[in-house]
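The feature transmembrane segment is assigned by TrEMBL to 45-66, 78-102, 117-138, 150-171, 183-202, 214-239, 293-320, 332-351, 363-386.
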Amino acid sequence: MQFYNNNNQTHVALATNAGQPLPMAEHEPMPSIKVSPLARRIHGWSWQAFPIGMGTGAVYVTMSGLKQHSGVLTNVETFFYFLNIALFVLNTTTLLLQLILYPKQALRLIKDPVKGIFVPLVVLSFATILIGTVKYAVPTGHIHPGFIYALFWVYVVFACLVCFPMLMVWFNSPHDLKTFTPAWAFLIFPMMLVGVVGFNVLDVIDSTEQRAIGILLTSYVFQGLGFFMTFFYICIYIIRIMTTGFMDGHQANGAFVAVGPPGFTALALIKLGAKAQEILPAHGLVSPAAGEIWYATSVMSGLMLFGLAVFLFFFGLLPYWFKLHKHLKEILGCWALTFPNVGWISTIRVLGDVFGLQGFYTWHLVMTILMCTVWVVLFVLTLLAFCKGKIFLAKPEEVIQDTVDRKALFSPTASARSSFQGGAPYDKEAANRV
């Protein structure tokens, strides 16, 4: 026994801190991952950027309708036209890069119940470019009318390909009417604007050509489809504010979106009626008096819709300043002050021509000056918000997360690791903890 104890003491040496808890291992700080500002911009870009280009297009569309028109004014309009093209290219390129680099974010924007309604605005932005091309590129001989005719059908197909899938995505989920905003009608707007694009295209297509008939009838069909669908949205809008009161915050801008359908439809009906007055008799369609009847009916219908548009404009304008949240981060919604109002403002000039009202020309001039003023203010504030990082700037962790997910999805080692583990799914979070 003594030998055993001596042997134990000889060969077993216990540490002086035996029985005490082991000290915590000191972890080295994780190296911080830096995200470039460009990556944050691409990831943070959204379809809400297109209203900026549409507002720019609204400026030259309203200016082009002025009664007193000089060469200097045309040069100013041309500048806004090319600026609109530049903004369109910037938006589409950035969103394409987002789709390639951050596919999850791109899909997230499309499925988002709020941001997804802005997807069809890419079609509307294309429409403003097409109208500008008719006004500034065809008269100078840079673009052939036959190319404009082809672009009209491209626009119709483009509108259908974008609107119908987005309608299926959006209507696949329930929506609360207490949060309704007329901006939800953006899903229909591209089809409603076919009539507006159509009468502009007919300006460069001879009325005696067979192609003019197709443009005229297609414009009427889609204008009717778009207006009646958006009219349902206007009815829901009235019901919503009856139950909740005037919309506030960023939704206050949506009140001006309701002005668009009756304003644009009034403009389209009157202008298409004037074209029908020439096209139908030239081809001997319907009856000898069909053109005159269509035109008279269009003027009467347009005048009534014009009244509705003006009412909705002031209905949204009067409580606007008191309901709006004055934050730079919500500046993009304020662009609704521009493009939805183009329809009824342009109709002022058209009605002045129809009824020979000189006061309407003055009214149109005043509204055009206000449109340009609003554009300058919004453009400056948008640039300020962009520079301060209030808009189009994602958080670094959001960029990192989507980058890691994309690399894990397309990494060739991910599938190999899964096969090695007997087909078990690869747990990224567990791997990060190792």
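Think of each number as a place in line: the chain as shown, counted from 1.
Here the Cβ of each residue, glycine as well, is placed from N, Cα and C on the backbone.
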Is it the case that the transmembrane segment (183-202) and the transmembrane segment (293-320) have 3 or more CB pairs under 8 Å, with pairs at least 6 apart in sequence? no
How about the transmembrane segment (293-320) with the transmembrane segment (117-138) - do they touch, taking at least 3 C-beta pairs under 8 Å (6 or more apart in sequence) as contact? no
Are there residues at least 6 beyond the ends of the transmembrane segment (363-386) whose Cβ is under 8 Å from a Cβ of it, and what are they? 52, 55-56, 58-59, 62-63, 65-67, 328-329, 331-332, 334-335, 337-338, 341-342, 345-346, 348-349, 352, 392
Contact set of the transmembrane segment (117-138) with the rest of its chain, CB cutoff 8 A exclusive, min separation 6+ beyond the ends, reads 46-48, 50-51, 53-54, 56-58, 60-61, 64, 74, 77-78, 81, 84-85, 87-88, 91-92, 109-110, 144-145, 148, 151-152, 155, 158-159, 162-163, 166, 170, 183-184, 186-187, 189-190, 193, 196-197, 200-201, 203-204, 339
